[in-house]
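Below is one structure, written out as structure tokens; the observations come after it.
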Amino acid sequence: MGIPVERTRSPKPHPADADLGFGRHFTDHLFRIDWSEGKGWHAPRVEPYRPLSIDPAASVLHYGQAIFEGLKAFRHRDGGMRLFRPEANLARLAASARRLSMPAPEPGIVLEGIRALLRTDAGWLPESPGTALYVRPVMFATEAFLGVRPSKTYTLLVIVSPVGAYFSGGAHALRIWVERARARAAQGGIGASKAAANYVASLLAGEEAKAHGYDQVLWLDAARHADLEEIGTMNVFAKLGATVVTPALEGTILAGITRDCVITLLRDWNVPVEERRVSLAELERAHAAGALEELFGTGTAAVVAPIGELAWDGRQLVLPAPGPQSVGERLRAAVHAVQRGEAPDPHGWLEPV
Ligand SMILES: Cc1ncc(COP(=O)(O)O)c(C=O)c1O
């Protein structure tokens with residue numbers, strides 16, 4: 001079954017690659033599919049990007065059933081376009097939906113919709129190194145009903161944003177503020193879901209960190225405020241001596257797809273990697289002993305972002321700038337090379353559009 005495409009009559013001008021930034025521009029079309037009790041998923045279509053009309057009683061506005069995803073499509077060295085690990089994002093979208101009592105979107109139909117959308121907006125794929133199309137699926141409850149129960153109707157949209165290189169002019173090391181009092185997610189909660197609510201929980205600490213000159217917040221576990229969780233929109237890794245460690249997936253952090261790529265590559269390279277609890281105290285001890293060699297965050301936006309400073313309560317761990325042979329820099333280069341078709345893709349991470 002082909003997905004119907006309604007083309008826009010007023011295409012927008014494309015921004016210059018140098019002016020792209022992140023998430024500021026949107027292409028001409030979107031993919032939409034709706035769900036209702038009885039009908040299930042129905043009416044997939046690509047249509048012009050335009051404002052929505054929504055009922056003031058729509059339950060997403062009151063009770064917050066909203067989830068999303070984020071993945072990228074890249075220009076391959078053969079000139080075509082490839083999606084990076086879309087099946088992993090769509091599996092995570094379905095898992096988020098189940099946790100928030102929403103119907104799980106069928107990955108096959110959503111991937112078909114993303115492909116139809118990207119083919120329609122293929123002319124938006126930027127050319128310059130480091131640029132990409134960022135693909136944002138979002139699903140929300142639309143039933144006009146006041147009352148705390150799952151909605152009986154939902155809309156899933158996919159929008160696309162041409163994005164610039166995350167690091168223009170080389171990677172700059174992040175300055176990270178460790179949040180010691182607030183928590184983003186607790187055991188038993190929805191921290192492992194890509195739910196809009198998790199991001200709202202992080203805003204206040206993030207704004208405070210920025211006001212103090214820091215880029216993002218490192219979250220600690222909600223129970224003891226001792227163990228590392230994740231950073232803003234990134235998972236966190238530390239190289240302690242020869243071993244790379246990252247917090248285990250215990251239900252409070254997002255199972256990052258870049259995190260999975262990094263663990264896979266480290267295993268390919270025979271670098272010891274451990275998924276386990278990592279406490280701030282352990283990092284501090286390692287730093288004092290000269291064993292905290294690298295700290296970095298991983299996520300779709302930057303792939304690997306080096307961390308140059310961790311600060312809390314008047315304390316500060318400062319790390320030297322990573323050299324080209326650091327594990328973090330090698331990981332970023334390796335993932336970039338696969339994404340652009342400049343290296344083999346032994347794990348099958350690229351998906352044709
Ligand atoms: C809270 C959070 N943690 C981690 C990540 C990294 O996940 P991924 O590597 O799938 O982009 C993201 C970004 O998607 C995120 O929002």
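A Cβ is built for glycine as well, from the same backbone N, Cα and C atoms used for every other residue.
The annotation compositional bias 'Basic and acidic residues' is assigned in TrEMBL to 1-17.
Applying an 8 A CB threshold to same-chain residues 6+ apart, the list for Lys194 (N6-(pyridoxal phosphate)lysine) reads Ile67, Phe68, Glu69, Gly70, Arg92, Leu93, Ser96, Leu254. DSSP assigns Lys194 (N6-(pyridoxal phosphate)lysine) to coil in the three-state reduction, outside any helix or strand. The N6-(pyridoxal phosphate)lysine feature in TrEMBL is assigned to Lys194.
If you look up TrEMBL, you'll see 1-20 marked as region 'Disordered'. Sequence-remote contacts of a segment are chain residues at least 6 beyond its ends whose Cβ falls under 8 Å from one of its Cβ atoms, and for the region 'Disordered' (1-20) they are 27-29, 31, 44-49, 112-113, 116, 120, 123-124, 126-128, 131, 162-164.
Break the region 'Disordered' (1-20) down by DSSP state and the numbers are 3 helix, 1 strand, 16 coil.
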